[in-house]
Amino acid sequence: VAPEASPERSCSLHSCPLEDPSGSSGPPPATNTLQPVGPSNPSAPAHYTYPQAPQEYRGGSSLPGLGDRAALCSHGSSPSPSPAPSQRDGAWKPRSVQHHVVSVRQERAFRMPKSYSQLIAEWPVAMLLLCLAVVLLCTLAGLLGGQLPDFSKPLLGFEPRDTDIGRKLVVWRALQALTGPSTLLSLSPDLELNSSNSHTAPSPESWGSTQDGTVWPPRMVKALEDRRQESFFCGPPEKSYAQLVFMSTSEGSLWNLHAIHSMCRMEQDQIRSHTRFEALCQRTAANECCPSWSLGNYVAVLSNRSSCLDTTQADVARTLALLRACALYYHRGTLLPSCLGRGQDKPRRCAQVPTKCSRSSGVYQLLHFLLDRDFLSPQTADYQVPSLKYSLLFLPTPKGASMMGIYLDRLAAPWRLSDNYTAITGMDLGLKQELLRYYLAQDTVYPVLALAAIFLSIALYLRSLFLTLMVLLGVLGSLLVAFFLYHVAFRMAYFPFVNLAAFVLLSSVSANHTLIFFDLWRLSKSQLPSGGLAQRVGRTMHHFGYLLLVSGLTTGAAFYASYLSRLPAVRCFALYMGTAVLAHLVLTLAWLPSAAVLHERYLARGCAPGVLALALHRRLRGFRRAAAGTSRLLFQRLLPCGVIKFRYIWICSFAALAAGGAYIAGVSPRLRLPTLPPPGGQVFRPSHPFERFDAEYRQQFLFERLPQGEGGHMPVVLVWGILPVDTGDPLDPRSNSSLVSDPAFSASSPEAQRWLLALCHRARNQSFFGAQPEGWPTLCFVEALQGWMESPHCARLGPGPCCGHSGFPWAPQLFLHCLKMMALEQGPDGTHDLGPRFDAQGSLAALVLQFQTNFQYSPDYSQSHHFYTEVSHWLAAELGRAPPGLCRGWFTSHLELYSLQHSLSTEPAVVLGLALALAFATLLLGTWNVPLSLFSVAAVAGTILLTVGLLVLLEWQLNTAEALFLSASVGLSVDFTVNYCISYHLCPHPDRLSRVAFSLRQTSCATAVGAAALFAAGVLMLPATVLLYRKLGIVLMTVKCVSCGFASFFFQSLCCFFGPEKNCGQILWPCAHLPWDAGAAEPSGEKAGHPRPGPVGGAPRSCSEQYELQPLARRRSPSFDTSTATSKLSHRPSVLSEDLQLHDGPCCSRPPPAPTSLRELLLDHQAVFSQCPALQTSSPYKQVGTSPKTQVRQDSQGQKAEPLQASPEAPAHSPKSKAPEPSDCLCSSASTLAGLSVSDETCLSASEPSAHVPDSVGASPEDLDEPGQPAPERGQLNEKRDTLWLALRETVYDPSLPGSHHSSSSWKGRGGPGPGPGDSSPVMLPNSQPGLPDVWLRRPSTHTSGYSS
């Protein structure tokens, strides 16, 4: 009987007609009833009809599911006859003899999945649509709920903000910005208090946009009225003009006529000939472009030539003689701008300068601006021909974005910047920020190529573009969800440009997870060839879900640890990247298995390929086979064998590499700290002219060595009345701080006056107190007030109580009044800084005192640290003696670079330590195993140390970008180690060598492919001009390759030595079951090896030896495959095992009659043993004792021995019949290590399939206790119990025999008739559970040992 619409194949064993794949595709009914055939044909077997797309039934263990459909009826299928007339209308009538009616209603619209795997398998499209809807909603909410990211200032946020030094710098910048006319504070009080209402303070946003750093009064050369070259040059050179650095191509001196003419020609050809130069240059009174401030033009002016190209060799020599005579006075400090010209009011020290040196400003400007510091220095002044390495040229064009066109057209190409004599090697055009934005957009092609390499590797590994596209969509969805949480949940206002690097980093994390998932997915398909999608999803997610949870949480925690940094950009990146990893964790749990199910259901068996695709497939078949064979040889045999055999070498080698990396990174040469403050940090590759100017050439010229006109000395700024409190958002560098006044500030009391005067005197006695320049704000303003009150200038404002008053200390009201009068008299325009700061009401609001120190400004961290420490200690001691109104003062200086250096010198180590601690805690919570967590953290720490050491050898400088990527290195190096850690932890084998081999075979291929893909992605980013892209590529390929090596060799070698076995190091919880604890419990206190009754009539054990197989039918974790047998590596009995599951499968087509004897039974099953692949099993059985019929066969190496025993008698009432040969068998082959031929093979069949064998997990009480049948005797072979047949190909270890017996004989060539040593009679192992089958061990006459000699 067959259903209507199409012929079907029926299975006589299960009476389940199945549709033909080529049949019609009519829509399935909504409700189907499964009932037997009516009484019209009572003799016909019952048939059941399934819908065309049935759902898997999981109600009980007696009915097969949908996934078993092909397996159940793959045998003996034949077309069924045409439908009977009584069944064409779909009517089903029950038989009168039927007592138990099974009715299964499958209502697709209302059926609730009973497990997560069933939900994924049955509703993959719905799960994908649900995830997509969540991503879209989060994206819309994130874009509409806040401002879009602004990348106009990509370097914003790389300055420490929330530190003690950083807060003082922020407040000092705010104080400077809010001090001046018509602002919050002023240098002199306003006499008209009625107009004070108009003096309102602007908002912080109005001044923060233009204030990039500390504003110090510039000190440039003033234009002199009486100069010869005033008609030639347009004033003196200034820092605001564009600058070019020339260098000799032959590494010689630039002080020769050919080099001077070469510089003039290059300027004319490359710059002045550009069409936009005329519109940008500064113009003279005659409306002509001003000449450049170059060496050739100064030589021409000093030699009365009209042009640079008109100079001669005699002019060059004459100018050199003049410079040699005047250089001594310049380096002594007597040749100053105030000494130039013919004026009479010069300082007295200018009398020492010869007239030829001071008559013209050309000599001073050449030495100060255009020639390098070593030319004619005191050390080289006596050289006959001094060497000029570098020469600076000032263009008469201002710096800024206006120079972008000239740079891109004429100065960007390296071949345009040199000729036979000179080359332009450095530039300062003020384009660094603008050019960075330009190259960030132009070099985006390199990260795109890196992403293409990652996903192309995934596509080649999976051989599916659909799955690769789904993985890419998963990464994008995770980033969009993280963007929503970043803006809406965390309320972060600033989104730095470095957050875009999360796309590449998250793709690397996703690539690892994807490769591992589909390896497990393919493995589940090979282990469950007849299983449904729900079973495959369940088995895959059992392992992958655990791995993904531990790996995602560990990686996210490592990224979140970077939030400890004080750089706002790094903290924002840590928050966004950690959130993206966690969002990817949650999304992958539903997105990836749903995509796999969708691909398996609709795309894996797609339409036939075209002719061209088929031809290409045939051509690539050989390559694929060769690659697959090489992969199996490398990752299944050579790698496990190499790791285990050479574990001593791997541990020592990688430990030495980690120690060397630690020494290089922390001792010598160690990571160098940055030498430029954050606004001028390195953003391009080191060979770029902009970077070479900042890193090499800026300090080569004496005017650049002076930090913005401060005389080269570090100032000290003391502030009272304003608290060092940063009220801005520390995570938003665009937010500016407002001033917080000190309510206890008071400087007018007599105690405060005396303390301020004493502070001035004590500061002068300090070793760091330097000479104070004229016109500089003074620390001793109390002395200045005393001098002013006694001087005749006091009476300029009219008579008052201040003039001639000598009583000190003064009354508070008199002190404030006289202080205001002095400020008005000396600085009526509010430009002269005496120290006091007055508010709009004219009250003293703050006090700012400054003085110069003798500490030279230096980018060296040790010198800056010494300066900051010494001044801090001195000020703390002074404030300890201060009156209450002045005890809350603080100081600052040129500390922008020192603040960055101090943060970078301490924070990376703390961040890395915290990341490792969080990784250990997460691994411990995930595995509850202390040794595994320690070994994993040790491998990650070794990866970090070696990576930092390699970066030091690459001459990296610990700048902001490097700090960002170093803080992310822990998160990047965790995933490979977690792969092996979880695989080792989930391995069912109790011994460590087996677990090491198991984890290597299971995850090493995916780990190696992921590392290779990320290495290729990193290489593709190296040609980028932007340093951020280049260093991201270097970090990516370095961390991933080093992490792969440490995880595969160092971590696994540690596990070979000290890896946990069984419960070693495991934090056990009540009712916890581990994979290897299947046979831990023994019922009734009985143990293996105890005397048991014989199989026939309770005969004593003298007739045959008996063994007990304890954990025979227990279900194990479905997340592992056949492991590598490593018993030979450990030189002890193999305890490798696999699942032995008895179910009604295709192996059992129909109930065969039982054989009449055990010998015939063995012969009947010979075909089964010879055709079925081997199934590994292990039985912790022991030898009971010696017997006259028991002998021990020993191998030649003395490693294993097996007790031989006589065959037990078979039941006499078993009918004689021959079992049919099955078409398929529930078997799997045992894998081997290279060079170690392990052939532990067993095979499983059923001698009595008619007898029901309940599963140990899902069996019901009715199955275990059937009415009307006697309870089987324990350990007795009977008709009501199935029998497991196992063919052993390896020796059995006998602990009762001496060691000599284990090394004196071999299995090879052994054998003989009878029940003696050569007997091939089976060994019966009775099971300890009454409801579980006994085990028969077939012993062939001759076979080899498990070892290869």
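Including glycine, each Cβ sits where the backbone N, Cα and C put it.
What you are looking at is a predicted structure, and each value in this text was computed from that prediction instead of being measured.
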For the record in TrEMBL, which of the ranges 315-338, 963-986 is the transmembrane segment one?
963-986
Are the transmembrane segment (934-956) and the transmembrane segment (573-592) near each other by the rule of at least 3 C-beta pairs under 8 angstroms (pairs 6 or more apart)?
no
Cβ-Cβ under 8 Å with the transmembrane segment (123-144): same-chain residues at least 6 beyond its ends:
113, 477, 480-481, 483-488, 587, 590-591, 593-595, 597-598, 601
Please work out which recorded stretch in 468-488, 541-561, 648-666, 934-956, 963-986 has the most C-beta pairs separated by under 8 angstroms from the transmembrane segment (444-462)?
468-488
Which bits of the chain, at least 6 residues beyond where the transmembrane segment (963-986) starts or stops, bring a Cβ under 8 A of a Cβ in it?
498, 505, 508-509, 512-513, 516, 543, 546-547, 550-551, 554-556, 558-559, 561-562, 565, 567, 569-570, 573-574, 577-578, 581, 904, 907-908, 911-912, 915-916, 919, 923, 926-927, 929, 932-933, 935-936, 939-940, 943-944, 947-948, 995-996, 998-1000, 1002-1003, 1006-1007, 1010-1011, 1031-1032, 1035-1036, 1039-1040, 1042-1044, 1046-1048, 1051-1052, 1055, 1059, 1075, 1117, 1119-1120
Range from 468-488, 648-666, 909-928, 1006-1029 with most C-beta pairs under 8 A to the transmembrane segment (541-561):
909-928
Can you count helix, strand and coil residues in the domain 'SSD' (449-598) using DSSP?
133 helix, 0 strand, 17 coil
Please work out whether the transmembrane segment (500-521) lies in contact with the transmembrane segment (1006-1029), by counting C-beta pairs under 8 angstroms that are 6 or more apart in sequence and asking whether there are at least 3.
yes
Proximity of the transmembrane segment (648-666) to the transmembrane segment (934-956), 3+ C-beta pairs under 8 angstroms:
yes
